[in-house]
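Novice: Structure in structure tokens, see below.
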Amino acid sequence: MLVIAAVVYSVWLVEPFLPARLSALTSYVSEYGARDQPYRWFFRSTDIAAGLLFLLASIPLSRVLPPGWPWRALMIGLPLYGLSTIAVAVFPMDCATSVNAACRSAEQAGELSAAHYAHTVFSVSAFIGSALAALAAERMTQGKASLLFRIVLVLLIVTGVLSVLLYSQPGAGLAQRIQLLVVAVALLTGATLLLRADRSGSSV
């Protein structure tokens, strides 16, 4: 389930093949879902699908992972990430601020819809969910796996801060794309560890 979720969540990687695409350096990936973008329904639908898969994946995980605060953190972080991913699609931006100066000015003046600003709130909650899940995974694993999740957590924090500080400036889009790739790697790593543990009958 986590593997499928990671694949669906990473469909933004098709952007180089889109006839009309946003700047990978400046634009957030979620801007593809803005109301004024031509491929909005494709990106929103895949976000909703990925969010649902994150939620579904958390159900079996709650039964097989050992109890403790890392388990509770994961059971909060992963569902929060899933719900926030769905909400980001349900409450899209009114317009792509990185390529629309009028939209950016209206946003700063508080003149856009409530959904536009809610989108930002849910983007933040998605980040919190991913960081919480990464912290839990780091605490629940050992050796190289634990080190990998520690690196994931650091990269999430660094790219998260950069994507905010560089908002609508060169580098913001790149930072977010690195963050999304890090999340995908973490999901695939988690799925691999769970599969190995299931086959050996041991814990993660």
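The backbone N, Cα and C atoms fix where each Cβ goes, and this holds for glycine too.
Please treat TrEMBL annotations as automatic predictions, because they have not gone through curation.
Remember, predicted model here, so these are calculated numbers, not experimental data.
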Novice: Of the residue ranges 92-113, 114-135, which one carries the transmembrane segment annotation in TrEMBL?
Specialist: 114-135
Novice: Counting only pairs at least 6 apart in sequence, do the transmembrane segment (174-195) and the transmembrane segment (73-91) share 3+ Cβ pairs under 8 Å?
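Specialist: These two segments do not touch.
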Novice: Find the member of 48-66, 73-91, 114-135 that has more C-beta pairs under 8 Å to the transmembrane segment (147-168) than any other listed stretch.
Specialist: 114-135
